[in-house]
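J.: There's a structure below that I have some questions on.
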Amino acid sequence: MAVATRLPFIPPEATSQIIGGDEDLIDLSQEDVVSDNDDRGNASDVESEDGVKRWTVNPEPKPKKISAKKLADTAAFNSWIEEHQETLARDQRKAAIEAARVAGVDVLPAIGFDSERIITSPREYQVELFERAKQQNTIAVLDTGSGKTLIAAMLLRWVITGELEDREKGLPRRIAFFLVDKVALVFQQHSFLTKNLDFPMEKLCGEMVEGVESKAFWKEALEQNEVVVCTAEILSTALHHSWIRMDQINLLIFDEAHHTKKDHPYARIIKNFYIDEQLERRPRILGLTASPVDAKVDPRRAAAELEALLHSQIATAADPAALQHTICKPKTELVVEYVRGRPDSETVLNKQLRKLVGGQELFKKPLNFTTSAASKLGTWCADRYWQLFFKQEDIVKLESRTERDLMKVAALDEITEKHVKQVREAHELVNAHTFSPAALDPTMLSSKVIMLVRILRDQFERGVGAQRCIIFVRQRNTAMLLADLLQQPEIKSHIPSIAAEVLVGGGTTGSSYVNAKINFQQQNRIIRKFKLGEINCLFATSVAEEGLDIPDCNIVIRFDLYDTLIQCIQSRGRARRPDSRYIQMIEKGNYEHHSRILRAKGAEDVLRKFCEALPEDRKLTGNHMNLDYLLRKEKGKRQYTVPDTGAKLSYMQSLVCLANFTATLPHPPETSLSPEYYITTVPGGFQCEVVMPDASPIKSAVGKVHLSKGVAKCAAAFELCLALLKAGHLDNHLQSVFTKQLPEMRNARLAVSSKKKTEYAMRLKPELWSVRGVVTQLFATAFVLENPDTLGRSSRPLLLLSRSALPEVASFPLFFGTKRFSKVRCVPIPGSVQADDTLVEQLTRFTLKAFMDVFSKEYEATAVNLPYFLSPMDGGHGFDFRLAKSPAHLIDRKALAYVSENEKVPYTFLEPDDFFQDKFVVDPYDGARKFFTHHRRHDMKPTDPVPDGIVAPNHRAWRGLGTTHDILNYSNSLWSKSRGFMIFQADQPVVEAALISTRRDFLDDTLRDEDVEPQQCFLILEPMRISPIPADVVAMLLCFPSIIHRVESNLVALDACKLLGLDLRPDLALEAFTKDSDNSDEHDAEKENFQTGMGDNYERLEFLGDSFLKMATTIAIYTLIPDKGEFEYHVERMLLICNKNLFNNALEIGLEEYIRSMSFNRRQWYPEGLILKKGKSKDARQRHVLADKSIADVCEALIGAAYLTGQEKGSFDMAIKAVTAMVKDKKHRMISYGDYYAVYQKPTWQTESANSAQRDMAKKFSERMGYKFKHPRLLRAAFQHPTYPSLYERLPSYQRLEFLGDALFDMVAVDYLFRKFPAADPQWLTEHKMAMVSNQFLCCLSFHLGFNKCIATMSPSILKDIAEYVTEIEEALETAKQEAINAGKTADEYSRDYWVHITHASRLPKCLSDVVEAYIGAIFVDSEYDYSVVQNFFNMHVLPFFEDMHLYDTFANKHPVTFVANMMAHKFRCNEWRSFAKELDTDVTEGRGGRGGNGAVAGEISEINPPKVVSALLVHGKTVVHAVAASGRYAKSAMAKKAIKLLEGMSVEEFRERLGCNCKGVPMEVDGGVPEADVDGEVHGTAV
């Protein structure tokens, strides 16, 4: 057995393990039982000098017996891994990069990293641009997808913050305008901003707002909003009418600013209104564009004119290549030529229609288009257009449109009728036309279209992984026809994997056969389908070139060539994936096409040179500049010399040193991490904050103020290097020792096994019985039945008298048959009895007589030997014990005296009939035969045969040959030899009696009537002994073994509580120590070796205690360790709450002895220490076998019991005391709840004066959430993402508050479920808690509370993910409300589980759930650790979603692993399948070289870098699907999702044929979980 020793910690070798919880790892070692003579070992609370406990791991188990089938599957799995190493390495890289992206980490592709090259993060450009925009009007020229909108959002937040400060000073109100060029962009930008900024905001475009042209409207807009997103035309009109003035605007943001030219509304706003305003009253300007050029003009001239017109300066990247770390240019650019189509390709159908309806206005544009399309697209496309045109709208609508067109010109009725008739004839003509199926035939399709199909076929066939393609066309009809063409069977057969859709603008054209407008919601729905892969090919018009947020693609095709440089740049910018291709289609021999490409390339070169020629102060350097020059003045000033080695750290060298250190941090393959530098302007110059990646032990540092940005950057790096050196993360040679200096025990195997078992001593009797000796006074406890009638005969309470008063013991049920039970109340009687010799002697005789007559145990003992005494009570079960003044008045002294004076009741054969009623009769020769008499039978004599149906006695003589089966022989149980010496009176009375059941265990709730029903019989009393103990007392004495067993179990549990200093409620104390099966901890498994009649086991209390333990230790760590990061917090908490710690501490205390693991034993309930003269001896075994994990679980159950005990008084103190006793660590020495806040020291950042924006945020939250913050800065910190520089508001990120809030929310959810569902088992509670605390729900809750608008982040990917998620959940909510209305309910009665079905769940923006938990942590801290505010939050905002918990009954079962298990077991009925998970070797995931891209040895960083685990589904020895992830849990989940996708649509027959399944169809039992033997193969991982 593992014990604590003072050994250095040695990381364990990789062994088979499975994840067993948030903090623990469960060892799948062999289930073996080891006898340990030293039950506690040397498990002392050993701490090293640094306060970290040192434990050895469990000893290596004996080899586990594995079936031949599993060995074969394991060998097949390992062989498959060896054969597919390259595939697995590629999958792992993809998984790592995707995981980083989902987490909001801007992962940089790895490049050659050396000490001379300092990587500049793309965020630095954004920060620098933001800082510049704060100082002056700026035009941001950055590539498509580089986060320009993020900069706009940051600037809006900064401007509004300043605006709030100005209003407090009494200045007039002003608002910001975000101007766009297209209506669709109004909706998109407003949607993005409202989802990421918590300010009132309006969207305006001419077609959606009535009354926009009025002074009243604009007055209201000005008063109620901080931002207006609108088309430029609307603002221009409002300014023209003076409904709003330029001095009422504080910020103008021009999206796609290159449109500012000539008479464009952008230009009119500047020329007509901005210029006329006084300089100091003008708003700030921010222009956003990918290129300042939008026409066929000299780029230098166009850029200069744009700067002049917008009164701004262009700012662009000095090193555009740096931005390509995140903005990937196409890997390949191709130009593909096609042959010009014949100009005279007009089709016969087109000519017929032109002749018939060519004169009508309705058909002019369609005819022009089809004439052109016949040449450019092919004859099939031209004719297909008419088929769609007349199919799309019925004849009645076409006739109506014709009539409307003629009404405009006041045509005569005859003309109108003629035109309508022509339309009808055209419709008939098209319907009668024979349309040929599409084919790749030059007579049907143009060379251009055939070339497009070939390109698509080539790209989709050769591509690996998901393909995303955008094809740019000039006209919407072209887009629609091409998309339709790809759905034709012949064409689809060439590209079966393609799923095409059209993305066009919101306008309409007369030539379009689709006349309905496409709104922003429809566009967004198409884009989301494109992102999810439901669509993988978009035919798009110019709407997709700029503005719309379209996911990255790997194939971009210009079917119709661009006209301007900006179109070229923007369409090419859509190809941002690393493997992307940009393909331009040009006509062979077309000089104009060739020259257009050359002009675009030339203009791009000129533009680049123009940007390069900009003054240095106009370039975004990312804080990377000529540091040699800047640092000459610093020489000899700030540097640090390591005393031991003489190594010197200077300002310049600190950048290199920090970069090299960062390179050693764990990171996804093929990527590099880099420090993030954030420079802000402060009084006296510039100050920089450096923020390290999450894996760094020190997260950030702030440098001193300097006059230049470059030196400020060095200063920050210098400070962080000093901090790393001080903490020991840099060695004396300034080299990283990071892998050796991570938090100790981070990878320790801190779980204990549920299979590894050991034998321990077991306490059978409580400490109370150890007090023996002379009796001076006695305390009484009455055992009373609440429903005595269920016993089946008359009874009365029994008194137990002891030398010390029994503590209050919980009531419990006794079972007397089917549906017959009664609770036993253990009533302590006030006062005591002064014990005189006579009373003591009578009690002793009665007690020993009861043991002898009722239980056939004759003891040699005196009063000094007995731990307790029994006495009948003078009174019934209904006695009001409040009237009892002293135990002496309740003792039936008369009965005691009679029993004491009479060994048996005298019998003369002459007694009257009433003598034979209700006597307790004992067979002195057979201890199993005891009877209750009913009455005398005058109609029977001893020699009469025993009537039929009477149960035969068990003695040998009755079964012998020649024995007469009469009443006399039935009554005589002597052996054959002795029977001859006995002569019985032949005419003595026969008595009808009942043979009493030998059952002693009435705690078993499975008892049936036949198990305990007395058996009718007929006796003579001469061979018997009539006991002096009254029958009603005997009836209660028969229950006494069960009663005393439960009472002693309770007293033993209370002894353990006393040992810990805990005053627990007795029933909860017993429940916490009750283990009724070998696998009590496996809630969803069938119980092994189940012990009946033990009452409630510890499972529910453990579930509750686990959460409280997590909460209590979390609060302690948050309070006591304010200067560490979230990672260190998790490690610290893990060391406190891990099962290994609880197990070791329990052994040290000796709790294993007190655990109740055995049910009632009829041999062990008797008092100890008595000499047995007659009767079967007691079972001497006093040891039990316990799993290590069971002992740890009891510790958590004790905490749960303490929590419930304390809650009766509304106090946490008892539970806090229990936590302290269980964890035994200096980081948790609190003994009352008040101790937490008593040692909490408010950090300076919390108590500093809040600015106006922070106060405004607190005010809004007070109105919205119902809690008013005393410290608004605490609220703001709860929404500050780690990517947001702390320098901006001098606040930390939300990570520490999230760590705290997570535990608080978990506790309040568990507490609610525990109380709401008192009969629910832990498995049910756990599954439903999963729904309540899942990220999936918390993201939904965050949306409902509007938290998504408040997150401050510098990551464009996070903002994008938030916007996409909010769009999706808004649609899901709207759908749920509509479903409620359709069902006859109100919209507010929608089903609250709508969030479960959101498809975005696989890529949830985790920051949304994080800020919910951080907010909970913030209100808890702000309220001075008032837990009620957390409960109020839960009741107000969470409970409405869970009023009907049955909505979430299947939430846990929807886990993909469980789903696959059920599918294999029940649908396919396959028994030969197995799910494996195995950690991959480093050389598999990192490449055979064994080193990462930055030179760090992979093995060195593997100590903290999450292991690379492959999970695979094997069916009949064949690998069907696989997935790679950072842990076994995630790998299994990913693998299961792939398996579901593969198997869901597969029939049983197809499954058996494809996978070679020949199982006989016996379904496996899978119920809400996964069979361990079949799913948990080899899993390797770490404890963290």
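Glycine is treated like the rest: Cβ placed from N, Cα and C.
Note that the coordinates shown come from a computational prediction; the quantities given were computed from them, not determined experimentally.
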J.: For the Zn(2+) site that Swiss-Prot assigns to C1470, C1557, C1559, which of H1437, H1446, H1516, H1522 is also named?
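T.: Within the candidate list, Swiss-Prot flags H1516.
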J.: Name the residue, out of E1298, E1327, E1479, that Swiss-Prot lists for the same Mg(2+) site as D1410, E1413, please.
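T.: Record check against Swiss-Prot: Mg(2+) site with D1410, E1413, extra candidate from E1298, E1327, E1479 is E1298.
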J.: Which range is it, out of 255-258, 275-278, 703-706, 1399-1402, that shows up in Swiss-Prot as motif 'DEAH box'?
T.: 255-258
J.: Take the mean position of the Cβ atoms of C1470, H1516, C1557, C1559, the recorded Zn(2+) site. Which other residues of that chain put their Cβ within 8 Å of it?
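T.: Along the chain, the qualifying residues are F1468, N1471, E1472, W1473, V1515, F1551, R1552, L1555, G1556, N1558.
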J.: Cβ within 8 Å of the Mg(2+) site's Cβ centroid: which residues qualify beyond E1298, D1410, E1413?
T.: Y1294, Q1295, L1297, F1299, G1301, D1302, S1409, V1411, V1412, A1414, G1417
J.: Per DSSP, what is the residue count of the domain 'PAZ' (894-1028) in each of helix, strand and coil?
T.: 29 helix, 26 strand, 80 coil
J.: Counting by DSSP, what is the helix, strand and coil composition of the motif 'DEAH box' (255-258)?
T.: 2 helix, 1 strand, 1 coil
J.: Restricting to the domain 'PAZ' (894-1028), report the mean pLDDT as a whole number.
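T.: Residues in the domain 'PAZ' (894-1028) carry a mean pLDDT of 84 in this prediction.
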J.: Per DSSP, how many helix, strand and coil residues does the domain 'Dicer dsRNA-binding fold' (654-744) have?
T.: 31 helix, 22 strand, 38 coil
J.: Quiz question: given the binding-site residues D143, D1410, which has the greatest number of C-beta atoms lying within 10 angstroms of its own C-beta?
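T.: That would be D1410, with the most Cβ atoms nearby.
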J.: Among L142, C1470, C1557, C1559, all listed as binding-site residues, which has the most CB atoms within 10 Å of its CB?
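T.: Buried the deepest by this measure is L142.
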J.: Tell me the Cβ contacts of E1298 (Mg(2+) binding site) under 8 Å, same chain only and six or more apart in sequence, or just say none.
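T.: Residues satisfying the criterion: E1126, D1410, V1411, E1413, A1414, G1417.
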J.: Restricting to the same chain and to sequence separations of six or more, state which residues have a Cβ under 8 Å from that of K148 (ATP binding site).
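T.: When sequence neighbours closer than 6 are ignored, K148 (ATP binding site) has A140, L142, L288 within Cβ distance under 8 Å.
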J.: Across all the protein chains here, work out how many other Cβ atoms are within 10 Å of the Cβ of K1406 (site 'Important for activity').
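T.: Other Cβ atoms within 10 Å of K1406 (site 'Important for activity'): 16.
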J.: Let me know how many other Cβ atoms fall within 10 Å of the Cβ of H1516 (Zn(2+) binding site).
T.: 18
J.: Give me the CA-CA distance between S146 (ATP binding site) and C1559 (Zn(2+) binding site), in Å, as a whole number.
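T.: Pair distance, Cα basis, whole Å: 55 Å.
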J.: For C1557 (Zn(2+) binding site) and D143 (ATP binding site), determine the Cα separation and express it in whole Å.
T.: 54
